[in-house]
Every structure is written in structure tokens, then in C-alpha cells.
Amino acid sequence: MATVKLTESLFGVTNNNNEIKKYTLSTPDGFEVSLINYGATIQSIRQPDKSNQISEVTLGYDTLQEYVDDKYFFGCTVGRVTNRIKNGRFELDGTTYELPKDDGTKKHYLHGAFNKRVWDSSTENNDTVIFKYQSPDGESGFPGQVNATVKYILSSDHQLTIDYHATTTKPTPINMTNHAYFNLGGDASGTMLDHQLIVPADKIIPLDDEHIPTGEIASVENTPFDFRTLTRVGDRIDESFIGYDIMFLVNGEGKRPFGKLVHGSSGRAVTIESTQKGLQFYTGNYLDGGKGHNGTAYDKHAALCLETQNYSDSVNNQPHFPSTILRPGEEYHEQTTFHFHLE
């Protein structure tokens, strides 16, 4: 039976003399995932195609400094709270908390600081890399000390499972995800518009012009957001918007199918399962030619993100959005699996 191999190397050293380690999980047939403890980040995923040609299928960088300077969140763990919080403000148990307004408009909170932190790292069983980070009380304006753990586990049949855990000393919102950008044709192959996507979601969360949830829940019926059957991503991407950046509310509960992405000419595919509530689908609308792996220019629509997470801006849309509040004595636990395969 094929086994998973784990290697470790030095990726770089921060200005504070923190060593950034690179962990590579690989299988004998050439599939490999590389992770770094800066941002608990997926640095690389290399996958064979149907002709056994191996390509980089996620966007990323070759040096630490590029991750320090990164503005696209390539492959990183996002937290404490992914996505936007309206006006960089929320109220919890009678107290108002002010957060950095760091989205493109400089009006709203976006994603948090976990991606720019050095995480403690360790390994288990040659197939698991564990990252831990202690977020201090008040970091990014959030209450409570949060102890976060992200585990990456690779199986011999190319299933990459990401396991998220967190606890807190004070009530605080928690909503973590991974921000990998996928192009199954290879990161140097051009746009991902020919990929096909299926997502079992009847509903979405509509957004206003500043990407803030309106508080409504809308049907995908007769809209460009209906991906309930396998659909070419580029077919409707230009219908009155610059690209997709929307949250699907995936049908069902518990760990369940979240969809599948297929690149026909290479035969590569990835199937997603998750315990989360929703799937943020983003088509790299603001990529602008910045250089990544091997100097590759990543232009608009060079890749897409499939980010499993709870409802965005839940803290300002309760009670009818599921809560993202974690309280002392509780444990946050979510799990997502990406199964890379050929079709």
C-alpha cells in the first residue's frame, strides 16, 4: 500500500529571527503538498495529470519575503474571522468592539491577522503537520485569548484534510478557513475559466456593492450562481459583475459533499467535503499580474478559491445567521477535506 512521506526544510528566517519551516507531504506517485508555519499556509500543491505530467495547482510564492508582502492571502489560514465585518465593528454581550478597517474600501474589516503570524509547528505519523497559534486578548480588536490549532493530514489517495480547533478565554467570534487559490490546469496555464464546478447549494447570501451581506438569503434559481449541475466557470462570469465572490449555503448538515472542481483537458479534479455551513467562491477578480511560483504572473482569473466557512458578517446579522461566537469552555471544531483525483 502506498504511504505518505514527510520531509522538513528551512523556508526562511523572519526579521525577528523566527525560523520558517517548510513541510512537504508526498505520495509515491508524485502528488505533494508543501506547508509553511508562516500563516499555517499551503505553499504548494503539485498534482499529476492523466498523462502523469506534474504541475503546480495552487497559487503561491517561493520565498518568505513574498508571503510577508502578500496581499492576496495565497494559501493561508484566515482568522480569527474570515471574510468581512461591516464597518469594522460588532457588539457582543453589550460591548462594542472596533476592528481594523483593512478591506479594499478601507471601510470594513477583512480576514484578520492569522495569515501574518508565525505558528508553532510539529508533525505526527509522517502524514500530519500541526500548527498552533496563541492569539492574545485584543489582537485585531477581538476579545479573549484564543488558542488555535490547524492540522493538515494527507492520505495516500491524495485526500488533504484540514482540521481546525480553537478555544477562548472570553466570548469572541471565530470563523476560520483556508484561502488556497486553485488552477487545476497548472498555475502557469492561464485563466481558470474553462474549469467546471458543481456546488450543491440552493441558496446564497446576497452582497451589497461593498461585498457586505445584505442580511437576506436568496435562491440561486435562474441566476449566474446556480452551480447545482456541473457548469463551466466562465460561462456566466461576466453577467453584470467582474467575477464571482459569493457565499453558497451548502445543502445539508454535518460533514458532507460541498462540490467538485474539474479541469477537463488535464483530467485533474478536486472534490470537497466539509462540516462548515457555506462555501465562499472567489474567482481571483483582483489578481493583477503579481509574480508567484517560478516568476509566473498571476493575472485576473488566474485561479479560484473555494473557502469553507460559516456565514460572513454573522456578528452583525444575528439572530437569523448562525452564530460564530465561541465562549469559554466551548471548543470550535471544523473540518474540510480536499480530495485531488483524476477523471
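Backbone N, Cα and C define each Cβ position, glycine as well.
Predicted, not measured: the structure shown is a model, and the values here were computed from it.
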Task: Select one of D238, D245: the residue that TrEMBL places in the beta-D-galactose site alongside N83, R84, H179, A180, Y181.
output: D245
Query: Going along the chain, which residues six or more apart from N83 (beta-D-galactose binding site) have their CB under 8 A from its CB?
result: L110, H111, N175, M247, Q280, Q309, S312, D313
- prompt: Using Cα coordinates, what distance in whole Å links E307 (active site, proton acceptor) and H179 (beta-D-galactose binding site)?
  reply: 6
- request: Tell me, if you would, which residue among D245, E307 (recorded positions) has the fewest other CB atoms within 10 Å in the structure shown?
  value: D245
Field: beta-D-galactose binding residues N83, R84, H179, A180, Y181, D245: largest Cα-Cα distance, in Å and rounded to whole number
entry: 19
DSSP-derived structure type at R84 (beta-D-galactose binding site), helix or strand or else coil: strand
